[in-house]
Amino acid sequence: MTESYPAPYRGRFAPSPTGSLHVGNARTALLAWLHARAAGGSFVMRVEDLDFGRVRPGIMEAQLDELRWLGLDWDEGPDVGGPHAPYVQSRRVEGYEDALRRLAAAGLLFACGCSRRDIAAAASAPHAGDEGPRYAGMCREHAVPAGAPLTRWAVSEYALRFRLAEDEEVCFDDGVHGRACFRPAAETGDFVVRRKDGVAAYQLAVVVDDAAMGITHVVRGGDLLGSTARQLLLFRALGLPEPRYTHVPLLLGADGERLAKRHGAVSLTELRREGIAPEAVVGWLASTCGLAVPGERLPPAELVPRFAIERIPATPYVVTGASLAALHG
Ligand code: GLU
């Protein structure tokens, strides 16, 4: 297996500054922080701001402020610096370009001008993967040759995709879900590593940064379980050490959908504005994952001695009206 990293533990939280953090994000942050602190590890804050169309000015600062308000802290991050600075992805472009050049040198990159419609039309099943229809490999012959300047593929016309080996199964031992296996070639197909706008895709940026920052343990939302298989293939292709993964289940609304604005006042901004104490929010979050009894109020530090990943259920927690009412006191 891939326990590539000995101690010391290095964990991280990687928010995208696209909107106010809600209790679901806060719960993932709390669990990632607890996982690191209970292991005596360090904790890194990395801001994933490559989705330029959705990033809003000032949101990064607001998110960091809200995480501190909750009682979380970090040893490295955009506001505190550290040996792996910068901690904001839009300022780490050179690392992504370098990784793309290495993938090209290994013959694993090709240029793809297909539109979403082309991809959907060529797919045998409408929604095979978690990112829409499987890419059927139409452009595989447009390999990016080793050493070619990446600017040769015009921005806005071509995405660069990572060429997958035929139907390889990728398995890993997840901290909550246990053994998880995926077949990225059959499920998503060759995936995008540089978007059509010329920016590194999430899958590539996260791998390059987790490796560059020496991250040993990734704790994040369960929606990214399938992404992990793709990321592991990139770690391997780039010869980078693989972290261990723990995907914590999401918070769902009473309708079974991922908790969001329309389920009520669930953003940290709103809770704070209502005058709810951070200890009450932390207690509520902890109660949704079996780490506190309902109604308990406490700072994150008091949860450290109680934390054990085995206590986190593998199933999502459904936030009912009553449970939201409890949150609002
Ligand atoms: N930036 C991603 C998000 O906010 C998280 C990515 C990760 O933890 O790998 O959903």
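Each position is counted from 1, following the chain as shown.
Cβ from N, Cα, C; glycine included.
Features as listed in TrEMBL:
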- 10-286: domain 'Glutamyl/glutaminyl-tRNA synthetase class Ib catalytic' (DOMAIN)
- Arg12, Phe13, Ala14, Pro15, Ser16, Glu48, Tyr202, Arg220: L-glutamate binding site (BINDING)
- 15-25: motif ''HIGH' region' (MOTIF)
- Cys112, Cys114, Tyr135, Cys139: Zn(2+) binding site (BINDING)
- 258-262: motif ''KMSKS' region' (MOTIF)
- Lys261: ATP binding site (BINDING)
>> Assuming the binding residues for L-glutamate are exactly those in the record, Arg12, Phe13, Ala14, Pro15, Ser16, Glu48, Tyr202, Arg220, what is the maximum CA-CA distance in angstrom, rounded?
In response: 16
>> Can you tell me which of these binding-site residues sit near ligand 1, meaning the Cβ is under 6 Å from at least one of its atoms: Ala14, Ser16, Glu48, Cys112?
In response: Ala14, Ser16, Glu48
>> Cβ neighbours within 10 Å, counted over all protein chains: which one of the binding-site residues Arg12, Arg220, Lys261 has the most?
In response: Arg12
>> Helix, strand or coil for Ala14 (L-glutamate binding site)? Use DSSP.
In response: coil
>> On the 0 to 100 pLDDT scale, where does the motif ''HIGH' region' (15-25) sit on average?
In response: 94
> What is the separation, in Å, between the Cα atoms of Ala14 (L-glutamate binding site) and Cys114 (Zn(2+) binding site)?
Replying inline: 30
> Rounded to an integer, what is the Cα-Cα distance in Å between Arg220 (L-glutamate binding site) and Cys114 (Zn(2+) binding site)?
Replying inline: 31
>> Please list, in sequence order, the residues in the chain of Tyr135 (Zn(2+) binding site) that are at least six apart in sequence and whose C-beta is under 8 Å away from its C-beta.
In response: Cys112, Cys114, Ile119, Ala123, Arg161, Thr188, Gly189, Asp190, Phe191
